[in-house]
Amino acid sequence: MINKTLIFTYLYLLVYILLSSGVILYNKWVLSPKYFNFPFPITLTMIHMGFSGAVAFFLVRVFKVVAPVKMTFEIYATCVIPISAFFASSLWFGNTAYLHISVAFIQMLKALMPVATFIMAVMCGTDKPRCDVFLNMVLVSVGVVISSYGEIHFNVVGTVYQVTGIFAEALRLVLTQVLLQKKGLTLNPITSLYYIAPCSFMFLFVPWCLLEKPHIQVSEDQFNFWIFFSNALCALALNFSIFLVIGRTGAVTIRVAGVLKDWILIALSTVIFPESTITGLNIIGYAIALCGVVMYNYIKVKDGRAPQQPSESLPERITKDWKLEKKSSDIFLPNDTSDNGKGSSGGNGGASDLNFDEEAPLLSTSRLSHIGRSQLMRDS
């Protein structure tokens, strides 16, 4: 007998992988001077934010699909604004990197995300230094350095932009945990876009006026409405596909899907963009970094399962995981760090074990039973 739930789960995972890879490749194609030739990453990011914010506004205020949360000026000023600022920065720097380096190399650099998030979490006091995690971070860093050394078209500017975007996103994740959780504010995907997307748009408006507005001379032929509309629609659809995935699967499945997506994306990028050349040193370095990431994920999953009773059998554990995930499938708790919803500072949780999607970092986390947060790696 066919298990319909399992089929839908794999279908959602497939949709997530396709959308995540598609948005990255689509952004590269739009921004690259060799293809669509629209080298204005801030403008493209503002289109995404404006479109997402508008859709969220209609869903909240017009169609009333969800109700807005109780948002005071204090919460908005102390939580939403700083989070939106780093969110906008991460998207800006990440999209700018497409102008200078290949998609494959960008994916390899993104292996640094756990390193950046762990460092920020330790600095902000939401996680504690641990020897095992530190060794994994060293392994990831060594792998990325080797991969960078083997990059034929290595570009310092593009690398700096990408790494800066990674650290900005890491700080956003930590701030989301520290600020929103402290205020007890819960946001679902729609209300997240409703509050954060317009604020991010405004933060991008200032650098856009200074850096891109004086140079934009877009002809009617180049500003193809359907290109930009479909691009923004894909980015929005990715956010909602992530929410479907985290409601159907566990942390381990999502992490495996993320790794599979990265390898598929690296392979596809070399086919779609022939100028992207992968060397043997690239692969070796990325494989080393990936080993560190996999070991890191294993530690976090093991930490999350530690409180379980040792007498539980495997079928009982699977059943318990499924029930917990099913129960929380309609809940969106940004960066919830433990089963009871309290912040973790003891090394078992915290922002450092957050995995996120590089194209939709705004909706990066959800409560995933007791295993831990998801890593659905941004740069819409």
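Going from the start of the chain as shown, residues are counted 1 onward.
A Cβ is built for glycine as well, from the same backbone N, Cα and C atoms used for every other residue.
Bear in mind that TrEMBL entries carry predicted annotations, made automatically and left uncurated.
What TrEMBL annotates here:
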{"type": "DOMAIN", "residues": "11-297", "note": "domain 'Sugar phosphate transporter'"}
{"type": "REGION", "residues": "329-356", "note": "region 'Disordered'"}
{"type": "TRANSMEM", "residues": "7-26", "note": "transmembrane segment"}
{"type": "TRANSMEM", "residues": "38-63", "note": "transmembrane segment"}
{"type": "TRANSMEM", "residues": "75-93", "note": "transmembrane segment"}
{"type": "TRANSMEM", "residues": "99-121", "note": "transmembrane segment"}
{"type": "TRANSMEM", "residues": "133-154", "note": "transmembrane segment"}
{"type": "TRANSMEM", "residues": "160-180", "note": "transmembrane segment"}
{"type": "TRANSMEM", "residues": "192-211", "note": "transmembrane segment"}
{"type": "TRANSMEM", "residues": "223-245", "note": "transmembrane segment"}
{"type": "TRANSMEM", "residues": "252-273", "note": "transmembrane segment"}
{"type": "TRANSMEM", "residues": "279-299", "note": "transmembrane segment"}
Self-check item: Long-range environment of the transmembrane segment (192-211) - Cβ separation under 8 angstroms, sequence gap at least 6
Solution: 42-43, 45-46, 49-50, 52-53, 55-57, 59-60, 68-69, 71, 76, 80-81, 83-85, 87-89, 91-92, 239, 332, 334, 362-363
Quiz item: Are the transmembrane segment (160-180) and the transmembrane segment (75-93) close enough that 3 or more Cβ pairs fall under 8 Å, when only pairs 6 or more apart in sequence count?
Solution: yes
Self-check item: the transmembrane segment (133-154) versus listed stretches 99-121, 160-180, 279-299: most Cβ pairs under 8 Å
Solution: 279-299
Practice problem: Residue list, the transmembrane segment (279-299) vs rest of chain: Cβ under 8 Å, 6 or more residues beyond ends. | Solution: 104-105, 108, 111-112, 114, 132-133, 136-152, 252, 255, 259, 262, 266, 353, 355, 375
